[in-house]
Amino acid sequence: MVPQALLFVPLLVFPLCFGKFPIYTIPDKLGPWSPIDIHHLSCPNNLVVEDEGCTNLSGFSYMELKVGYILAIKVNGFTCTGVVTEAETYTNFVGYVTTTFKRKHFRPTPDACRAAYNWKMAGDPRYEESLHNPYPDYRWLRTVKTTKESLVIISPSVADLDPYDRSLHSRVFPSGKCSGVAVSSTYCSTNHDYTIWMPENPRLGMSCDIFTNSRGKRASKGSETCGFVDERGLYKSLKGACKLKLCGVLGLRLMDGTWVSMQTSNETKWCPPDKLVNLHDFRSDEIEHLVVEELVRKREECLDALESIMTTKSVSFRRLSHLRKLVPGFGKAYTIFNKTLMEADAHYKSVRTWNEILPSKGCLRVGGRCHPHVNGVFFNGIILGPDGNVLIPEMQSSLLQQHMELLESSVIPLVHPLADPSTVFKDGDEAEDFVEVHLPDVHNQVSGVDLGLPNWGKYVLLSAGALTALMLIIFLMTCCRRVNRSEPTQHNLRGTGREVSVTPQSGKIISSWESHKSGGETRL
């Protein structure tokens, strides 16, 4: 029952293209009333739209949309951001190496991004190694820069594929839309200049897998095709249908919002831009599940009410409300006038809000005007209350509307960092914060003494340094000893070098040096 009911859901949820659940159905055309017996009462068949009455049936094959596609086709993808990590080292005189890391961006190529994505998905260690910081090179008393390019893959990044023009829609795209994905160009630009978006499956056309093959019976009247009976046994009318391509496949959009790849000999016009197909998303599937349960419950209530009428031989306004047709199309309307059960042919339409049929107090709008009542009685259990307000039994229950509002408020989508409108990008090509979380931390590093020599070279250098230090110590000690020896000698010379004067016979005072000299000369 449920799989079949899913296929007539578009009949009930005809206004789903507008995003609202039809809370009621009411006749927009109402035929003349005629008296009937209670044995003529019947529960409506909500699985069939009684329409043109074509009788000539012939088998044919067609394609229709898979159950579950109503709003958008999800395309799994990923973003690829190019990052350049730069390591700048400086080695000072004594061998201390200071390393400073910086990150910038570059625009990656699609081929490189595809290879990096395949590495990541396959668990290839080359992807993780590509994200590591570069091993810095260094030279004594020089500044050396070492750079390394990395590709940061962030997934998933889901985009919506528009089946009408095969464009992609996501908030990660600059204008929310990407139309350039094709065989020759398999990527989209994003809000970030150095990030591109690519589909996980390089064959984007495979994402448009929304059709299923079915067999049915074409219904025609003479040479004119009126509609068809699908493989579930449901009749679909072609009245009001228009031509529409989905994912490049030509078909017909029916009045109930469904689509079939059916060709007719009639001259059918192309659909205007506002004529869309009811494409399902997960939220709509949940709502349709509730709709199916509600229809099954309503069917059981109708049968119970009909059984009660037949058993008790009495009819009430409340019981007549269960006999109302729940989907748009032709059906019956029932009422009680002057204690007489009445029936009329009716064509039902969907109602999205109560204001459509209750524009003012005491007015029930049918066919564009206020419908007259008979002693406060309308039809299908609708009556005029003592206070002058129109009372509709179904207005007392808004279960489905509450379910829909609950579903709408409970959707929490997964947001890609670039899809967040509050994201503020840095000026220039400095690395953004959203890629930093996917890369190792960078910070300044200062190494120990390292001159870049091999192990034997280090030992030779240490030995030469120790020998030089020893020679310097010996030299300093030798200098100190010489200084200490010269100081006592100078002190003794200063102690015996006092001036001595003598008085010669001539009475002239001469110095001792002159006296010694003249004495020597005398001796000579």
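Cβ coordinates come from backbone N, Cα and C, glycine included.
Which of Cys242, Cys247, Cys271, Cys302 pairs with Cys208 is settled by Swiss-Prot: its disulfide partner is Cys247. Asn338 is the residue among Asn338, Asn484 that Swiss-Prot describes as N-linked glycosylation site. Candidates considered were Cys43, Cys54; Swiss-Prot assigns the disulfide partner of Cys302 as Cys43. The disulfide bond recorded by Swiss-Prot for Cys188 reaches one of Cys178, Cys226; that cysteine is Cys178.
When the recorded positions Cys208, Cys247, Cys302, Cys480 are scored by other C-beta atoms within 10 Å, Cys302 scores highest. For the disulfide-bonded residues Cys188, Cys242, Cys271, the largest tally of other C-beta atoms within 10 A is found at Cys188. Cys480 (S-palmitoyl cysteine) falls within a helical segment according to DSSP. Summary for the disulfide-bonded residues Cys80, Cys178, Cys370: the Cβ-based neighbour count within 10 Å is maximal at Cys80.
Per-residue pLDDT, averaged across the topological domain 'Intravirion' (481-524), gives 53.
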